[in-house]
Amino acid sequence: MITKPKDKISTIQATLAISATIIGVGILTLPRTAGKAVGTPDIWLAVLLGGLIVLVFGYIVAKLSQRFPDKTFFEYSLDITGKSIGYLINIFIVVYFTLLAAYEARILAELIRTYLLSRTPIEVIITIFISVGVYLVVGGINPLVRIFEFFFPIVVFLFLFTMFIGLSIFELENLRPVLGQGIMPVLKGVQATALSYLGFEIMLIFTSFMEKPKDAVKATFIGISLTIVCYLITVVVAIGGLTVKEAQSLTWPTAAVAAEGEIPGAFLERFEVFFTIMWTLAIFTTYAIAHYISGLGLGQIFKRNINPFIYGLVPVIYIIAMAPQNLNTVFQLGDILSYMAILTSGIIPTTLLLIAMIRGIGNEKKKF
Amino acid sequence: MKRKNSKNKLLIIISLFMITSILPGCWDRVEIEELGIVVGMAIDLTEPEKSALRKNLETREKERPKHHRITLTQQFIIPRALIQGGGQNQGGGGQKPYSNIESEGDTILAVARQYASQSSRVTHYRHLKVIVLSEEVARLFNIKNLLNVFLRDPEIERDVKIMISEGKAFKALDVAPKKEQIPAFKLNQLVDNMRRSARIAPEVTIADMSKRLVAKSSFIVQRVIPHKDEVKLAGAAVISGKTRKMIGWLGEEEVDGINWLTGQTRGGVVEAVDEKTDEYIVYDIQSVTSKIIPEVKDGKISFTIEINSEGAIGEDWLIPGNAFKNEFLIRAKQAIKREVRNIVDDALNKTQKQFKVDVIGCGKQLSIKYPQVWQQVKDNWDEYFSKIPVNVQIKINIRTFGRRGTKR
């Protein structure tokens, strides 16, 4: 029985896991979704504000998990709320991560269909993607975070490189006026931008794997901050290069920045293909984590070895990924996910932390 | 134990077979010799007689929306002819290295796909360089609709250049150039080379165009003029941000003026006339910057455009024309200023007063500096702009006069 794996991860690994999870498909559409929500060039402010709000919830998630340093969320939720409600919450979280995994797989397939392999059936792409993912996920948490350590610098480097290319079409005037229509559009957009940070809730589970759970808050903060920086760079370059209105009308605005940019004098062209290849890595990390957590959740709910559940989830994820009829339904799935994220990373952790504090369950601060 | 081993081996072999069947990614494979590489496109209106002939063939004509028929010309590269032409330069009699395929229909995509039924090759748009719209088409259709297919298709780059032709667009793709062998490449090259000239409108890509169209701002697009055996970039078409259609032409001098106003002049010369002697002084432009400063006073909008230029005296027809003396430089400066002012005023008059459009980006600056005011006027900006006073200030700095200062 591996309901409670002994594997431990370092603080850096936990930090990277958070960044790698948040940075997934959200960034591809961020200039469009945020552009629609804000409507003025102040999107970057909304992204920043959204990030700061998410830091608060990140703190709550980390604090909650720190009270139970040797238990995952699926175990301590039962301690806090009792079995019946606890199981309900656990199942909700498992459903959430399963949907997330399916969503990531589908978006990746759509992206590849658009930019790389237009005639390859997406069924094949999704199958290959999930197969590779399963191979990694059954290895447990350590191979998983090691892959993150390995991928993360590559993704960051390539990301910065494509953004650098995007700078060739950058015009500061497209980002002005700042707050031309006051602060209201920004505030209206904050909800959308805050939701683009979904993924940090993995700390509900990952804290228990940390060698030093007391570093959980630090890891969460750094992990989220890294993402805020990436997001800011993305929207500044995308809106500066494309203008708000154009970004609103493009399916994959971030890829369009890469597509339109060019290195003057260089013979290389078509950077969006390059961008897509690189983004496969980023989406893969998010997918793998989501798959792992839903497997782990099922294992801990049923108190069984998690591997059969991970294999069992494969067809489920595949079917959900293939379910949306068209791109709009896929994006709707994304919207549903972000609403679920309000619960999983906002309301549920906050409520549980309050209950735990009132009932005095779990470790009070120092102890570890 | 042994049985288990052989079972494992069998499993491995089976999975190897399965993997190799999916890994090569053959779905999207196209052999390079099967590709029909499209490098240029021209969009024209179909001649009425031709389209009438066509219509008789169509059976469902009544059910379809009334629509002007479009003739799409696609320029394909013929690689073999390209190689032969390179080898025996003076051959002359050889095959042209390109072929223009015309097809017609109601929508661009449908027309482009028609080609598939005419050819064994797979059309390939990843190397598309230029799209030429004919004047008729640009005046008739909302350009947003014309561009739509190119912006949707992920195969087509966002930085494909676009221009508008005087007369028929397909002619621009049919002028056999002498040096570059492919007309589309020639056009593409022209745009790059002509960046130096003051009289060429800045290049416009389909992405640029789309950004301006969604922002509802007016702008200018390069004009291409096909001659008998030459193709020339000169002047520009004015696209209205309101109707998203072409509304008129700007001549070379007017484009020159627009470039001064927007600070996009990268080089070129000004032929100024000295007032006293009525002789030429030629100013070699090194840099031009411009700044548009909006001002709102008591609800009245006005603009000041500050133009700053640096350059050298490149030629003069005065005797002795002593540039070592400062008076001469001052005289020259005044002459140049006068000339630039004429050019700029002409351009402003034509666009602001005659066409009633803002192609120099005054609206953008207003929206940055006075966002509240902008909210009120943005819907009818071009209309408002035509009545707003624009004050142009020109500053010329003559930095140098070359190796020889005087003719004496």
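Positions of Cβ are set from backbone N, Cα and C atoms, glycine also.
Any TrEMBL annotation is an automated prediction that lacks curation.
The transmembrane segment annotation in TrEMBL covers A:12-31, A:43-64, A:85-103, A:115-138, A:150-170, A:190-209, A:221-244, A:273-294, A:306-324, A:336-358.
Tertiary proximity for the transmembrane segment (A:336-358) is limited to same-chain residues at least six positions away from its ends with a CB under 8 Å from its CB atoms, namely 57, 60-61, 63-64, 67, 77, 80-81, 89, 92-93, 95-96, 99-100, 103, 195-196, 198, 200-201, 204.
Between the transmembrane segment (A:85-103) and the transmembrane segment (A:306-324), the number of CB pairs under 8 angstroms, six or more residues apart, is three or more, so the stretches are in contact. Note: the stretches the transmembrane segment (A:43-64) and the transmembrane segment (A:306-324) are not in contact (fewer than 3 CB pairs below 8 A, sequence gap of 6 or more).
Spatially, the transmembrane segment (A:190-209) is adjacent to the transmembrane segment (A:221-244); three or more Cβ-Cβ distances between them are under 8 Å for residues at least 6 apart in sequence. Contacts between the transmembrane segment (A:115-138) and the transmembrane segment (A:273-294): present, as 3 or more C-beta pairs lie under 8 angstroms, all at sequence separation of six or more. Looking at A:150-170, A:221-244, A:273-294, A:306-324, the range that has the most CB pairs within less than 8 A of the transmembrane segment (A:12-31) turns out to be A:221-244. Nonlocal intrachain contacts for the transmembrane segment (A:221-244), taken as residues 6+ away from its ends with a CB within less than 8 angstroms of a stretch CB, comprise 14-19, 22-23, 27, 30-31, 34-35, 38-41, 43-44, 47-48, 51, 54-55, 58-59, 156, 159-160, 163, 166-167, 169-172, 174-175, 193, 196-197, 200, 250, 253-254, 256-257, 260-261.
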